[in-house]
Every structure is written in C-alpha cells, then in structure tokens.
Amino acid sequence: MVVHIGGLVAVVCFYILILMVGIWAGRKQKSSEKSPDTEEIMLAGRNIGLLVGIFTMTATWVGGAYINGTAEQVFSTGLVACQAPLGYAISLVVGGLLFARPMRNAGYVTMLDPFQRKYGQRMGGLLFIPALLGEVFWSAAILSALGATISVIFTDVSMTASIIISAAVVIVYTLFGGLYSVAYTDVVQLGFIFIGLWIAVPFAIRHEGVGNIISTWPEWRGHMDKSQIVEWMDSMLLLIFGGIPWQVYFQRVLSAKSAKKAMYLSFCAAVGCILLAMPPVLIGAIAKSTNWSMTDYDIKKDITSPEATKLILPLVLLHLCPKFIAFMGLGAVSAAVMSSADSSVLSASSMFARNVWKLVFRNQASEREVLLVMRLGIFLVGACAAGIGILVSSIYVLWYLCSDLVYVILFPQLLCVVYVPHTNTYGSLSAYIIGFVFRILIGEPSLSIPTLIHFGPYVPAKTLCMLISLTTTLIVSLITKILFENRIISPQLDILHCLVNIPNEILPLKESTTIDELQQPYRITKPTSTTIGQQYLSEPIMMINSSYSQSQDTLNTYTNS
C-alpha cells in the first residue's frame, strides 16, 4: 500500500504540473483588444512556432489509444497488422502536401469554413455532425483507456474516478487558455511519453521471464493471408485519407505562422509519430516473448483474452518493471491520453461555436458571445466524453464507425471544396446522403448492423463507398450546373441558392496580414468557378449604414471639392 500511495502522489504531482503549465500558457494570449478574440483562443492568434507546432501536432496523434493500441496489435496479431503508426504518418505527409498550404493561406479559422463559404452555412452545419461525433467518441475512448490503465496499476482507484479526474484537469486548462494551453501542455506531455516509455523498455526486457525478442521475431512479426490483403489495404487507405479531415489536425495547420510552416510541421510530426511508436512496438514484442508464469501475473487469467490483451502495455509495466518505473510509465500513458483529449475537446467546441452557433443560428453574435459558447462547449464536450467513457462499453466501435463516416463523407467533400471548381451544394448534399447510406448498407458486425450489399472479396468496401461519394459530388454538381446555367431548369427551382440565385453572405474569415485588415469583416460571395487555391478571400469592405448611392454622392462631393 505504501508503494501505491507513492504512485498516487506521483500521478497527482503530474496532474498538478500539467494544470500549472496549462494556466501559465493561457497567460500568453496577446490580444490587444479589450474584447475577447475567438481566433486568439481557437488558433493561439496564429502565433504557434514551428517547434511547438511539431510537438502539439505529434502529441495530438500519439494518444493513449495510439500507444496502447500499438502494443496490443503487436502482441495479439503481430507487427504486420499494426497499421496506425505508418498510416497516420503517411496521412500527415499527404495532408501537408495537399491541404496545409491552401487552407492556411485562405486564413480559415476551422476546417468547416471552406464548406460554409462554398456550399452555404447550413450545409457546413450538416457536415459538422460526423466531425463532432468523431471527436466526442475519440475523447471518450481514450479517457476510457486511461481509466482502465490506472485501475490495472492502482487497484484501489476506480476507473470512474480516474476518468472524472482526468477529464476535469483537461477541461480546466483548456477553458483557461484555449490552444495556447493545449499546445504548451502537449510539449510537456510528449516529453513524459518519450521518457516514460523508453525508460520502461530496458527494465522490462531484462526481466527473467522475457525471452530474446530477436529469436521470437517470427511470433510477433505476424503474417497475412491472401484473403486479408484487400481488407488490410482498405484499412490503410482509411487511416491515410480518413485521418486528414479532422479539426484537431487543421487547428494546428491554421495556427501556424505561415503556410510553409504549416507544411513543415505536418512532415515533422509524421516522423515524430514513427519515433514514438517504437517503444509500444517493443513493449508488444516483449509481452509476446514473455513466459508469464515466471512473473507475478495471475496465470488463472488468460493473458491472450480480449480483456487482458487491450491492457497489455500497463500489464507489462506492472509485472515486468519495478514499481517506480511502472508509475513513470503510467505517467506516460496519462500524458498521451490528455494530449489527445484536450485537442479533441477544443476542436469540437470551436467548430460548434463558430460554424454552427455563429454562422447558422446567430449571425450577429459578438466575439464575446461566441467565446462564451465555445467555453460552454468545452465543458459539455468534455463532460459528455467522460460520461460516455464511463457508461458505454463499446466506445471504440462507435468511434470506429464515426471514423468510417469521416472517410466516406468528409474526405471527398474536402478534396472537392479545395481542388474542384464546379462542385456545389447539390452535389455536396447528395454525396452526404448517398455516402452515409452506402456505408450503412455494407454493414458493421460489431454494432450488429447487417450487411445488405456485398461488393465481393477483392473490392475494398469502405474505399469504394468513399469513391461513390466523391463521384456523386462531381456528377450531381456538373449536371445541376449545366441545367441551371443553361436555363434548362427554371432559376426559381434553385432552392439551395448556389447556382443562379446566389445571395451574398457574411463569413468572417481572418487573414493574418495587417492590423487594419484583421479589423475588417469580409463579404463572401459563394464562388462557382474558382477554387480555394485560386481565390482565397474577397476584398475587405467597410460595413456602413448608408446606402451605396449615398456613399457615392458623398465621394463625388469630396472629389469635386
């Protein structure tokens, strides 16, 4: 019990340290205006440097599920089946090449801004649904993983208590400082992950019950049957392209000081993901090479059971390492969980406050009101994630399905909104519906959703659904564009007002150029023939109460005088 008390004190000190760093970082906000600035909270004033940006981008992906899941996959099915490190690393490279520069140059605040600019505010709000569900279920999954990990090492601490305490710490410092707090705590947390896991590896590998991991390479390498190749490719493509359209990623991209730095931090974070996957890979290999009867593990409990396999990393820390090393490793797991949970909580609340509350329901909402809604959203998203983590047993399955929807629905829409000029709201809405329907029709056994459509054993089903969604966007957009612009269909039938009856909309995008421009709103007309890469922002205009004719008369009088 004395050791457990010492471990609890160490974990409490770690939480206090993270909380203090978060509060300190929150004081770095440098808004010169008396009124609060949502961009300062959401994007740290676009002032995140390259080094801190690399750390926070890497820490966002290297979460509790990342390190626990990597060790679990290597132990249970082998290194070949461990796709997340490679998939997410490639995803960061692809995101940096294709999307970082145009999105950062456009001066957007959230990932949904280009959708609302091109497809309308309500369509952007609709696309918020899969993005929100993915963030909430992801946060719940990693908080649940932390609770299970702590309950393994500290048997006298309940899983519920550990989830509530972790969520509370995350909510407090995210409320206080926004992205500044999240970014700087990520630096500390990433250091804990790297040091804690690398210190644990040599202690674990020297345990008398552990065999030579080189001689046991065939056991933890894994193998793949020919029948599994298509499914493996489908899952890898989902990780690569489905890992891009997440607000947690674009929040880092948009917070960079420049588009070039946004690209570089994506590339460097990809390297960081690979490096930080090495300790959990080794821990999984060590677990596979261990004769567990030579440890103090209860051999009556099958180590290969699903319940034990998903906790193999904390079990290695507990039974193969000295207790003080196990507590350091637990600090690494806690850091990994918090580094991902805070990012998801901030991302979901930022999208809701800006893209739903302000641009859909309350167009005239002030900066202070949006900031208040965002902070309320941080609390609600964090509380919901903690509640789901406590009450729901199949969180990973729910998050897995949401990830599929992000891949099938959001990725093709993001690709079109950035690179395809002629797409419109009709194509976007059609693809949203058809992509969702096809994903449900191919089934999900883990959620007892029956399979109603079979594409065959040699077709990657999820990727095909994504391609169907992409094709739907292109074809429906092209057809509606031809029909309306050639007056084959009456303009009055353009009920979505995106082709011939195009209203002007106010979308407050901010480009980090001059102070004068930052203080001016932007009048955005939905573009129909330009891509984001070609036309980032419309010219800023001053909002005045007098009519255009009165302004022109005044200008003429001034000129004549």
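One-based numbering along the chain as shown.
Backbone N, Cα and C atoms are what each Cβ position is placed from, and that goes for glycine too.
TrEMBL does not curate its annotations; it predicts them automatically.
Features of the protein shown, as given by TrEMBL:
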TRANSMEM  6-26  transmembrane segment
TRANSMEM  47-67  transmembrane segment
TRANSMEM  73-100  transmembrane segment
TRANSMEM  126-154  transmembrane segment
TRANSMEM  160-180  transmembrane segment
TRANSMEM  187-205  transmembrane segment
TRANSMEM  229-250  transmembrane segment
TRANSMEM  262-287  transmembrane segment
TRANSMEM  370-392  transmembrane segment
TRANSMEM  398-420  transmembrane segment
TRANSMEM  432-455  transmembrane segment
TRANSMEM  461-484  transmembrane segment
Among 6-26, 47-67, 229-250, the most Cβ pairs under 8 Å with the transmembrane segment (73-100) come from 229-250
Would you call the transmembrane segment (398-420) and the transmembrane segment (126-154) in contact, using three or more Cβ pairs under 8 Å, pairs 6 or more apart in sequence?
-> yes
Kindly say whether the transmembrane segment (126-154) and the transmembrane segment (262-287) touch, using the definition of 3 or more Cβ pairs under 8 Å where each pair is 6 or more positions apart.
-> no
Residue numbers, six or more beyond the limits of the transmembrane segment (160-180), whose CB comes under 8 Å of its CB atoms | 15, 18-19, 21-23, 25-29, 40-44, 48, 143-144, 146-147, 150-151, 154, 251, 255, 334, 337-338, 341-342, 345-346, 375, 378-379, 382-383, 385-386, 389-390
Same-chain residue ranges lying at least 6 outside the transmembrane segment (461-484) that approach it to Cβ under 8 Å | 233-234, 237-238, 241, 404, 407-409, 411-413, 415-416, 420, 422-424, 426-428, 430-432, 434-435, 438-439, 442, 455, 491, 493-494, 499-500, 528
What residues in the same chain, six or more past the boundaries of the transmembrane segment (187-205), come closer than 8 Å to it by Cβ-Cβ distance?
-> 14, 17-18, 21, 52, 55-56, 58-59, 62, 67, 213, 272, 276, 279-280, 282-283, 286, 316-317, 320-322, 325-326, 328-336, 338-339
